[in-house]
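Q: Take a look at the following structure, please.
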Amino acid sequence: MRPWTGSWRWIMLILFAWGTLLFYIGGHLVRDNENPDHSSRELSKILAKLERLKQQNEDLRRMAESLRIPEGPIEQGAAAGRIRALEEQLLKAKEQIEMYKQQSSNAVSGLGKDHEILRRAIENGAKEFWYFVQSEVKKLKHLDRNELQRHVDEIIIDMGHQQRSVMTDLYYLSQTDGAGDWREREAKDLTDLVQRRITYLQNPKDCSKAKKLVCNINKGCGYGCQLHHVVYCFMIAYGTQRTLILESQSWRYATGGWETVFKPVSETCTDRSGSSTGHWSGEANDKNVQVVELPIVDSLHPRPPYLPLGVPEDLADRLIRLHGDPAVWWVSQFVKYLIRPQPWLEKEIEESTKKLGFKHPVIGVHVRRTDKVGTEAAFHPIEEYMVHVEEHFQLLARRMQIDKKRVYLATDDPTLLQEAKAKYPQYEFISDNSISWSAGLHNRYTENSLRGVILDIHFLSQADFLVCTFSSQVCRVAYEIMQTLHPDASAHFHSLDDIYYFGGQNAHNQLAIYPHQPRNAEEIPLEPGDIIGVAGNHWDGYSKGINRKLGRTGLYPSYKVKEKIETVKYPTYQEAEK
């Protein structure tokens, strides 16, 4: 028997499974497009709903007529009976009105939460299956050299075409029936609501009486880390109903403080003075302390529930329906408020946009070298990033005209731009090498370096897709800002290492939805309902984590779990709506 015969059968088995999955998903997604009467039926349904609403309105009018109390004297017994009948009719009318309101709301407010969860599950499942097939088929290359390797390469190319076809169908599905417009409206409504609440909290009428939480920006780390430190402070201030006082004088990046770069976090209350002051000792213990000083998250004890990755209980259903990663969306709202630029910075961004020729379509690539490599992250050559850049441009080409394949390259390695241009002449690289020089360790804590990192983050967040390492705070900040620019940009990235995380976050848990029996010593068993503490995604179809019920750590198929959304009882700041 030829050495690759068994392997080839295995490849055909994978192909069959993949084809079956595509046929099943694609059949469901394109069925409507194959039916020429679909639009007509949908229009008929809408007209029928309008007719029902018209009839229901007439029913209510007649009910209102019957509720009119007749003029003139009536007997007491008859009056009592009439009142009881009126009460029953009023109750029935109230129930019907609520039902009609709900029906009307469903008719105009877009698709249901379950539809959106399912859409994202299909998208994620297809991606995870693709990671798996890529990984497993690539392994077969080493079993033989000639014909097998050629077949494997062809399989990967063909499967890539099919995967992009499914992803394109999913994109168009997400825009059908007014769903795209609904997402835009809902994202704006939620953002406006949260920003009003934050603004209310940060601008008390009487600063001398306001409860305050003091946060010092000078944590011993870089800009992205310091920004996340302030976000952590802000989230706890919001949860404990305290105005955030940001101490930023003698900031390592700008000695004039935060307000010289971004707008003040408050217009009415920047004074930390109060009748009593104390260090954080827990929300309940600090109840009667007016001014509380917060430590860095590493030293926080006791830990309140307001840390990421929790989301507000009162917004959770809307966020789950709207966004693929509600926890990131929630973090992004605090980032949005904090980084409102001063006029000079806004002008600097506009001028840099014109100078660099930044325009769409463009993919953002962030390559972190210097201090991260060898300590917090592994070295990744430019080729690893460009694989995912090319894949996404091929996907974009399915739904738009690509005039040029532009890449915004942000890096702290000044030599990388020329290397990238030499290796990939078919791409247009947009980059400011002076920023790379200023990002070096010897120049890092300067105002010029601050300007550079802010510009890099801005352009990365503006890109159509982001390829980076989530071990880098700069990359995660760009991803967070990206969420404020789109209704749902949760899938607009590929990380070469970590999944998204927030330093100091509470446990990141997933919920098993399918059983799994380990096939080797590296894997762990799953049963539906098991809670898995996720450590990371290997981007090959498998994730690593701990089964909290069994206490076992290992690998498991990524598609067999879903995110466990943690909700937190945050204050709702009803006063902000008055």
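Note: Cβ is positioned from N, Cα and C throughout, glycine not excepted.
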Q: Among 92-98, 134-140, 148-154, 302-308, indicate the range for which Swiss-Prot gives the feature motif 'SH3-binding'.
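A: My reading of Swiss-Prot: the motif 'SH3-binding' range is 302-308.
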Q: According to DSSP, folded down to helix, strand and coil, what is Cys215 (disulfide bond)?
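A: In the DSSP reduction, Cys215 (disulfide bond) maps to strand.
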Q: If one looks at the chain holding Cys207 (disulfide bond), which residues at least 6 apart in sequence have a CB under 8 angstroms from its CB?
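A: Looking at Cβ-Cβ distances below 8 Å from Cys207 (disulfide bond), excluding near sequence neighbours, one finds Thr243, Thr268, Cys269, Thr270, Asp271.
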Q: For the disulfide-bonded residues Cys225, Cys233, Cys468, Cys475, work out the Cβ neighbour count at 10 Å and name the residue with the minimum.
A: Cys225
Q: By the DSSP assignment reduced to helix, strand and coil, which category contains Cys468 (disulfide bond)?
A: strand
Q: Residues with Cβ closer than 8 Å to the Cβ of Cys215 (disulfide bond), same chain and 6+ apart in sequence?
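A: Looking at Cβ-Cβ distances below 8 Å from Cys215 (disulfide bond), excluding near sequence neighbours, one finds His229, Val230, Cys233, Phe234, Ala237, Leu244, Ile245, Leu246, Glu247, Leu294.
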Q: Across the domain 'SH3' (505-566), what does the pLDDT come to on average, as a whole number?
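A: Per the prediction, mean pLDDT sits at 97 for the domain 'SH3' (505-566).
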Q: So if I measure Cβ to Cβ from Cys221 (disulfide bond) and keep only same-chain residues at least 6 apart in sequence, which ones fall under 8 Å?
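A: Residues satisfying the criterion: His229, Gln473.
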